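Here is what TrEMBL says about this protein:
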type	residues	note
DOMAIN	6-138	domain 'EamA'
TRANSMEM	7-25	transmembrane segment
TRANSMEM	37-55	transmembrane segment
TRANSMEM	67-84	transmembrane segment
TRANSMEM	96-115	transmembrane segment
TRANSMEM	122-139	transmembrane segment
TRANSMEM	151-169	transmembrane segment
DOMAIN	152-281	domain 'EamA'
TRANSMEM	181-204	transmembrane segment
TRANSMEM	210-231	transmembrane segment
TRANSMEM	243-263	transmembrane segment
TRANSMEM	269-287	transmembrane segment
Amino acid sequence: MQPQTKGFLFATLGSLSAALFFVPYKKALETTDPQTYLLAVYIIGFLFSLIGSAAKKNTIKINKTTLWGALLFAVLSVVGNYAIGRSMEGIDPSVTVLITRTQVIMVLFMGWLFLREEMVKFLIPGALTAFTGFFLMSYNDNFTLDGEVVFYLWALMAALCFGVSQVVLKSIIHDIEPVTLNFLRLLMGCVFIASIPGVVSEIVKIGADIWWYAAASAFFGPLISRLSYMYSVRYIPVSQSTLFIMLSPVFTAILSWVFLGLFPTVQQMIGGAIVMLGIVMPVLYLLQKGSKSEA
């Protein structure tokens with residue numbers, strides 16, 4: 001299998017797993033708050049990563065790059081999620097989510113500027129097409145652009161944090177072991193979330209059902225999804241890998257229909273089709289280009 005194909009498959013698996021992460025998340029939030037649930041997810045995710053690291057035995061090697069990378073990822077994750085929360089205080093949540101997806105465009109240019117990645121044909125048109133489809137999927141009657149500018153800036157900060165983390169990952173991916181990096185990232189994340197007042201006292205009160213939901217979310221989110229994205233950038237440029245993030249809402253809509261009975265609207269289905277088109281455009285071009293070069 002070509003390295004490029006491996007990268008595309010890992011990125012697709014990452015998007016699918018990210019969508020599966022949200023199915024138990026939505027169910028759990030009916031009876032618990034997000035911070036408490038996320039701590040439960042991080043704890044179980046850390047245990048999963050610990051087991052994975054122990055199973056590989058020779059990969060538990062913590063060098064300076066891995067340590068600083070994990071710390072940077074943990075900080076960017078906390079700041080990014082904090083910025084999302086601040087943004088949602090003043091503007092519609094769907095607007096916040098839409099703005100955070102601009103990370104895909106940011107990564108395209110950061111990858112070109114800092115990593116000297118090639119701006120391949122159809123990549124920018126594909127990203128803009130996928131973003132348009134995501135806008136259609138997010139748009140509803142409550143979608144407004146009211147609110148102070150500062151709340152939009154918070155959303156842009158979140159997008160920047162998530163985008164920078166992807167570029168940093170690409171720059172160090174060949175110097176670290178993804179399983180070990182993820183293990184340390186989750187450990188630091190547990191510490192950060194547990195430091196929020198009241199979270200530790202609440203987590204001891206949650207029931208077994210929430211822990212089961214957390215286990216499912218941890219398996220698909222911090223473990224499978226994050227590792228898949230990490231491995232994808234070993235084979236393809238980060239600008240291409242990040243484009244697949246746009247697939248997550250498409251998979252989420254399908255899985256919400258299958259598991260939660262939430263049938264997508266016609267508008268969401270059209271938006272999902274446009275997202276798929278935006279991703280297929282550069283992927284088909286790159287696959288054809290790769291097959292021609294081999295011939």
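First residue shown is number 1, and so on along the chain.
Each Cβ is built from the backbone N, Cα and C atoms, and glycine gets one as well.
In TrEMBL, annotation is done automatically, which means it is predicted and not curated.
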Candidates 7-25, 37-55, 96-115, 151-169, 269-287; stretch with most C-beta pairs under 8 Å toward the transmembrane segment (67-84): 151-169
Interface check, the transmembrane segment (181-204) with the transmembrane segment (269-287), three or more C-beta pairs under 8 A: no
For the domain 'EamA' (6-138), mean pLDDT (0 to 100): 86
Intrachain residues whose Cβ lies under 8 Å of the transmembrane segment (122-139), provided they are six or more past its termini: 94, 97-98, 101-102, 104-105, 108, 239-240, 243, 246, 249-250, 253, 267-268, 270-283, 285
